[in-house]
């Protein structure tokens, strides 16, 4: 994943290699996606399998909070570059700098990874001969229901994140009259809120259960999906935008934090890594891959007030999935 990210900064522009530039970008993004699913499941398993039983959601939240930290650093760097370089410099090479800079994180990540050991729970599974040589085949054979369930539990979360970030940045700067730098600052403030909510709601999920927290957040997302277009009415509506980002990231943090424990808890130890990673990636395909495009298309066809319909549909499915999912807080994590 790190190599793909750094490589994006070296892709020649359309003027140099034509459509091959876009194809190389798509290839790098594809590799990033595969890497993210594997890295995410590995990180949350290391965290949760080393956690006390009553703090699995809290421990699982630490890998989760890496998303807002990285997003904040990235936006901050782009904000600095946009206010330091000329537009011509930004278009020429400035946009590449954050991708080059990610090489530092790649080195740090490799350093940490080389010093990691297997978790106590996985060693216990090896002692009990509770492992499999073909976890991918085993998880689809024995746990396909959990894969489907987990995908729909998290699909709406992904759709919401990319609506709040990718789509909103584009829409705010092209249709609502916000400057790029101005909106980056608003996003950075909301991202701090996002990080705080990830940690706070994970602690809450350890106390009262994952299902109560995430079911409540999913119901709130159903309502938010229908309401948020009203926040975006009018040109440069600062109050409305603050409500959109503020309320949105409260719900987003509540949805995202506890899933670091929930997805692994759906699967037994011998397929937990594969199951959590596959589910995470499928949720990304369902929720993230098309959310900004569909939202833009809905607005073009039916107007602003239809912007949340795709997210609404996924949120309703998520509520149903949670209704059919038993509480995972007290599962035996050693099995």
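Using N, Cα and C of the backbone, Cβ positions are placed for all residues, glycine too.
According to TrEMBL, the feature domain 'Major facilitator superfamily (MFS) profile' maps to 1-329.
The transmembrane segment feature in TrEMBL is assigned to 57-81 (among others).
As annotated by TrEMBL, transmembrane segment applies to 93-112 (among others). Taking Cβ pairs closer than 8 Å, the transmembrane segment (93-112) reaches residues 2-3, 5-10, 70, 74, 77-78, 81-82, 85 in its own chain, all 6 or more past its ends.
Taken from TrEMBL, the feature transmembrane segment applies to 151-171 (among others).
Per TrEMBL, transmembrane segment is recorded for 183-201 (among others). Within the same chain, residues 58, 61, 64-65, 68-69, 71-72, 75-76, 78-79, 82, 164-165, 168-169, 172-173, 213, 217, 241-242, 245-246, 248-250, 252-254, 256-258 sit at least 6 positions outside the transmembrane segment (183-201) and bring their C-beta atoms closer than 8 Å to a C-beta of that stretch.
The transmembrane segment annotation in TrEMBL covers 213-232 (among others).
Per TrEMBL, transmembrane segment is recorded for 238-257 (among others).
Residues 33-34, 36-37, 40-41, 136, 139, 146-147, 150-163, 166-167, 170-171, 263, 266, 306-311, 314 of the same chain lie 6 or more positions beyond the ends of the transmembrane segment (278-300) yet place their CB under 8 Å from a CB of it. Annotation comment: TrEMBL describes 278-300 (among others) as transmembrane segment.
Sequence-distant contacts of the transmembrane segment (306-325), counting only residues of its own chain at least 6 positions beyond either end whose CB sits under 8 Å from a CB of the stretch, comprise 149, 152-157, 159-160, 163, 211, 214-215, 218-219, 221-222, 224-229, 232, 286-287, 290-291, 294-295, 298-299. Here TrEMBL flags 306-325 (among others) as transmembrane segment.
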Mean of pLDDT values spanning the domain 'Major facilitator superfamily (MFS) profile' (1-329): 89
Highest-contact recorded stretch vs the transmembrane segment (151-171), from 57-81, 213-232, 238-257, CB pairs under 8 Å: 238-257
Positions whose Cβ lies under 8 angstroms from the transmembrane segment (238-257), at least six residues beyond its ends: 57, 61, 64-65, 67, 156-157, 160-161, 163-164, 168, 172, 176, 178, 186-187, 189-191, 193-202, 205, 213-214, 216-218, 220-221, 224, 228, 230-232
Positions on the same chain near the transmembrane segment (57-81), where near means CB under 8 A and six or more residues out: 40, 43-44, 47-48, 50-51, 90, 94-95, 97-98, 101, 105, 165, 181, 184-185, 187-188, 191-192, 194-195, 198-199, 202-203, 205-206, 210, 256-262, 264, 329
